[in-house]
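**Q** Following this message is one structure expressed as structure tokens.
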């Protein structure tokens with residue numbers, strides 16, 4: 001098994017606490033409204049805290065797929081949220097799991113900076129595919145921007 005680590009950062013005009021609430025606390029309701037590809041989010045196991053497993057159903061390339069999302073840590077006081085993709089038909093065969101450690105911090109003019117560390121655990125001696133990595137980054141950036149756009153269009157959401 002190989003472990004490959006990547007870091008990324010995104011900026012947003014949305015305040016950190018409001019963005020965190022949409023991305024974490026109200027994610028099951030907000031994300032399917034904001035992100036066109038995600039059809040639904042349902043809790044498969046758990047109460048929303050660490051250990052909870054959620055099923056995200058999405059449409060990618062015209063196909064309906066799903067991934068299993070396991071919550072690893074929730075730290076509302078420090079605006080941190082860690083989770084892993086642990087299964088589903090949306091996970092490449094060469095990957096055991098993908099872990100995300102996320103944190104929101106104050107950005108310019110009352111906005112946010114989203115920081116993420118991504119750890120990809122591969123099966124056997126498989127290497128992450130560079131094209132898959134670029135595509136995953138593009139999906140992550142589009143996801144973050146979709147949430148920002150939704151919140152900008154819905155100023156009543158607090």
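Positions of Cβ are set from backbone N, Cα and C atoms, glycine also.
Swiss-Prot lists these features:
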- 8, 83: trans-zeatin 1 binding site (BINDING)
- 32, 35, 38: Ca(2+) binding site (BINDING)
- 60: trans-zeatin 2 binding site (BINDING)
- 69, 81: trans-zeatin 3 binding site (BINDING)
**Q** For residue 38 (Ca(2+) binding site), just count the other CB atoms lying within 10 A of its CB, please.
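**A** Residue 38 (Ca(2+) binding site): 19 neighbouring Cβ atoms within 10 Å.
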**Q** Counting only residues 6+ apart in the same chain, whose Cβ is under 8 Å from the Cβ of residue 60 (trans-zeatin 2 binding site)?
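**A** Correct list: 37, 90.
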**Q** Enumerate the residues of the same chain, 32, 35, 38 excluded, that satisfy the criterion Cβ within 8 A of the mean position of the Cβ atoms of the recorded Ca(2+) site; list them in sequence order.
**A** 31, 33, 34, 36, 37, 39, 40, 41, 56, 58, 146
**Q** Tell me which of the binding-site residues 32, 35, 38, 69 ends up closest to residue 83 (trans-zeatin 1 binding site) in space, Cα to Cα.
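**A** Nearest by Cα distance to residue 83 (trans-zeatin 1 binding site): 69.
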**Q** Please list, in sequence order, the residues in the chain of residue 35 (Ca(2+) binding site) that are at least six apart in sequence and whose C-beta is under 8 Å away from its C-beta.
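**A** 143, 146, 147 - these are the non-local Cβ neighbours of residue 35 (Ca(2+) binding site), listed in sequence order.
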**Q** Only counting partners 6 or more residues apart, tell me which same-chain residues put their Cβ under 8 Å from the Cβ of residue 69 (trans-zeatin 3 binding site).
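**A** Set apart from residue 69 (trans-zeatin 3 binding site) by at least 6 residues yet with Cβ under 8 Å, we have 41, 53, 54, 55, 56, 83, 84, 85, 86.
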**Q** Helix, strand or coil at residue 32 (Ca(2+) binding site), per DSSP?
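**A** Its secondary structure by DSSP: helix.
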